[in-house]
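**Student:** Take a look at the following structure, please.
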């Protein structure tokens with residue numbers, strides 16, 4: 001028995017619209033909590049000698065209150081490491097902070113790492129990141145339009161590209177919206193690993209969409225079926241098992257990384273979990289259903 005995906009496309013659209021609008025609202029309401037990679041600042045990393053001596057995040061924050069560092073991000077790394085991210089500090093302040101951390105517990109020699117990122121570099125990196133994502137979306141849309149030019153019936157090849165662009169935009173905006181909420185309430189930052197996760201989501205999503213579209217192309221060229229809706233449903237039923245298997249095996253690894261991996265990779269893996277889940281959903285329920293919507297709008301004309 002085959003499931004009729006296109007019959008329920010309005011329900012799928014409604015679910016996606018709710019998530020998409022909620023994500024956009026979160027981004028505008030809360031903004032994004034950009035990390036020092038993009039805003040500029042200082043990053044200090046140390047490792048303590050003994051695991052049972054590592055001070056708590058709260059005790060570190062309390063010890064540094066006299067330095068007037070403003071907003072400070074403190075994160076544990078592994079069993080003994082601590083990462084501090086703050087506004088730009090002088091070398092004198094750097095040494096004083098190290099001394100204060102040493103007072104809390106013994107720091108292992110040779111583990112200290114200190115970096116300073118200027119605000120100009122941060123702004124340039126932010127602009128380059130936005131440009132990279134936009135160019136990736138445009139390039140993917142252009143590629144799909146060219147790849148499916150041989151099946152310009154009953155919908156145009158550019159409509160395959162447009163449908164994939166809508167799905168990709170959906171897959172990118174939703175994890176960004178979630179991180180806007182996490183940044184506002186839990187001080188989660190948008191950093192370079194997050195950007196890497198978003199670009200990875202783009203690659204995964206377009207790959208999944210192309211697999212479905214490729215099956216639609218094969219069925220359009222080989223089948224005698226004349227009803228476009230039936231061809232779409234047939235193609236989706238032929239590819240859904242593969243899509244589900246792929247996403248589940250990927251998510252198992254990502255959940256293991258999220259719960260048991262290094263704390264510095266926690267939010268990187270979370271971004272991938274959200275994005276890849278949305279990518280699998282959109283490739284099955286959104287991208288292909290949009291082709292049916294385009295087709296029916298053409299018939300009405």
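Backbone N, Cα and C define each Cβ position, glycine as well.
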**Student:** Can you identify, from 104-125, 192-213, the stretch that TrEMBL calls transmembrane segment?
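**Tutor:** Here TrEMBL associates transmembrane segment with the stretch 192-213.
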**Student:** Mind pulling out the one from 132-151, 163-186, 192-213, 240-261 with the most Cβ pairs under 8 angstroms to the transmembrane segment (267-295)?
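**Tutor:** Answer is 192-213, with the largest number of Cβ pairs below 8 Å.
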**Student:** Need a quick answer: max count of Cβ pairs under 8 Å to the transmembrane segment (12-36), which of 132-151, 163-186, 192-213, 240-261 is it?
**Tutor:** 163-186
**Student:** By a Cβ-Cβ criterion of under 8 Å, what residues six or more beyond either terminus of the transmembrane segment (240-261) are in contact with it?
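**Tutor:** Hits for the transmembrane segment (240-261): 3, 204, 208, 211-212, 269-270, 272-273, 276-277, 279-280, 283-284.
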